[in-house]
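What Swiss-Prot lists as compositional bias 'Low complexity' is 128-152. Feature annotation from Swiss-Prot assigns domain 'bHLH' to 50-102; the stated evidence is sequence analysis. What Swiss-Prot records for 1-58, 128-177 is region 'Disordered'.
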Amino acid sequence: MDSRALPRPAPPAPGVPGCCAARRRPESPELLRCSRRRRPGAVDPGSGAAAVARRNERERNRVKLVNLGFQALRQHVPHGGASKKLSKVETLRSAVEYIRALQRLLAEHDAVRAALAGGLLAPAVRHPLPRAPSGTPATAASPSCASSSPGRGHSSEPGSPRSAYSSDDSGCEGALSPAERELLDFSSWLGGY
């Protein structure tokens, strides 16, 4: 043994007050419970079940709100097959496509408005309507007054984007040049919306 090493003190005998009395365990279980340190992640057995129940209830409420949100979103996006319910992924994809279509519609509307303001396009009210023979409706006399074009579907879904300039169901707006008709017929650009 080295002379520099300190001798270890002998442990005190049980029941004898000594210098290490703070390390002794208390005899009372209440004191023992109070003196324990809680480990991170350790769950008290009594409150664990209640905490889990509260967490589960919060999660159920969260899922319910998410499902209600998807249900509301499904009502606002157009979808082809109304016979089946869209999945959440299909609903989100449809919403993204719908928002992009609305953005294009707004951009094109702004372009038409700017063209009208700049005098590039003549408003439809300035064009004289061709006279229809007696007994025929005015829409049959003018090719631009056709109520709908074959092969150009538009969504009849509520809330679907529609142009006020579209000739699908807006009646006769006057004789437009083919370039003006194409510019004003947004339904062909939106791919079925």
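Positions of Cβ are set from backbone N, Cα and C atoms, glycine also.
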Which whole-number mean pLDDT does the model give the domain 'bHLH' (50-102)? 91
Summed over the domain 'bHLH' (50-102), the DSSP helix, strand and coil counts are 42 helix, 0 strand, 11 coil
